[in-house]
Amino acid sequence: MKRPLALLERAGIDPYLLAILATVALAVVLPAGGSAARGLSAATTVLIGLLFFLYGARLSPRAALAGATHWRLHLTILAATFVVFPLLGLAAQALAAPMLGPDLARGVLFLCLLPSTVQSSIAFTAIAGGNTAGAVCAASFSSLLGIVVTPLLASALLGGAGAVRLDAAAVLTLVLQLLLPFLLGQLSRRWTAGWIAAHKPVVTAVDRGSILVVVYGAFSEGMVAGIWHTVSPGRLLLLLGVCMLLLAAALTVTDQGARRLGFSREDRITVVFCGSKKSLASGLPMAAVLFAPSGLGLVVLPLMLFHQVQLMTCTVLARRWGTAAAAAHGGRAEAAVPVGQSGGRPAFQPRGAGGEFPDTPA
């Protein structure tokens, strides 16, 4: 099993992307309906709670607070994530809505409201020779704040269209399904951190399996409701173009903004990678809570496309900048250890980060 995966990774093909595509294909050919759909919905609720419990259990408070005194760096990244990106999303939604349709356009805006990734942001920063300690803290802050900020932004910017209702019941669902499991995971670290570190394959399977179940449920709902017949190949290509333009704009704004603010090269790299990425691992569960099941498939499609675009683009950038950094330091690259490119991540991660952060395709 390991050899085929290694061959795929060597060929530049992400095995987890293939798993997601296979899950989508399964939902198209064999969607869950009736009692199967109800059972899948219950399973999804449990798995999302388990997913956020594992996030909390693996996120070390000590690692999250490391480097917290670099407030200019963290505020810049948070501003890029929760201010600049939503503004880009509003512009993209307004321009593309007539061609994409309301659900896909809402999905474009929703992905712009999500927190940054954790694991891959840190890994890319390390490969490129950036401020890894700053990336650990900034990405952790973004992930934690996103549990609260993203639903509030979604309610404010998408609630008017009736797509998101952040009423008392929705808030209670968010607390019980996302925030409470996360906090319980944090409190359980004394007993669970060692077990999780010793059973990474099992925990990784739960992480990735949970995401695949959410994907299958979302696309099954779309098939049963017949909404996929409304998505033409032309609209998919247009959506891909919108995702590419969004990422290009985010990379440009974060890079130029960091330069104008006078950050060092290492901090600029951290701002670019932590401020331009969006979390699939957080976004899919949040979407499952915030949006009606009937339109969920179209809403999460932009996020899934953007996720693959950002991984491929940032992999190229990180390796290019890392090579330049190694050459500038006489061939000594940033300390990193090979771990394998599972879940769409690059083939390296910073020393000391293993086991501290979610091992899903964040």
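Backbone N, Cα and C define each Cβ position, glycine as well.
Features reported for this protein in TrEMBL:
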| type | residues | note |
| --- | --- | --- |
| TRANSMEM | 12-30 | transmembrane segment |
| TRANSMEM | 36-55 | transmembrane segment |
| TRANSMEM | 75-96 | transmembrane segment |
| TRANSMEM | 108-129 | transmembrane segment |
| TRANSMEM | 141-162 | transmembrane segment |
| TRANSMEM | 168-188 | transmembrane segment |
| TRANSMEM | 209-230 | transmembrane segment |
| TRANSMEM | 236-254 | transmembrane segment |
| TRANSMEM | 286-306 | transmembrane segment |
| REGION | 336-362 | region 'Disordered' |
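If you count C-beta pairs under 8 angstroms between the transmembrane segment (209-230) and each of 36-55, 108-129, 141-162, 236-254, 286-306, the highest count goes to 286-306. Across the candidate stretches 36-55, 75-96, 236-254, 286-306, the maximum count of CB pairs under 8 A to the transmembrane segment (108-129) is reached by 75-96.
Most Cβ pairs under 8 A with the transmembrane segment (75-96) among the ranges 36-55, 236-254, 286-306 are made by 236-254. Listed as Cβ neighbours of the transmembrane segment (236-254) (distance under 8 Å, sequence separation of 6 or more from its ends, same chain) are residues 80, 84-85, 88-89, 92, 96, 99-100, 104, 108, 112, 271-272, 275-276, 301-302, 305-306, 309-310, 313, 317.
Long-range contacts of the transmembrane segment (286-306) within the same chain: residues 20, 41, 44, 48, 101, 103-104, 106-108, 110-111, 114, 150-151, 154, 163-164, 166, 170, 173-174, 177-178, 214-215, 217-219, 221-223, 225, 227-228, 231, 239-240, 242-243, 246-247, 278, 280, each at least 6 residues beyond the stretch ends and with a Cβ under 8 Å from a Cβ of the stretch. Same-chain neighbours of the transmembrane segment (36-55): 143, 176-182, 184-185, 188, 196, 203, 206-207, 209-211, 213-214, 216-217, 220-221, 224, 281, 285, 288-289, 293, 358, 360, counting only residues six or more beyond its ends whose CB sits under 8 Å from a CB of the stretch.
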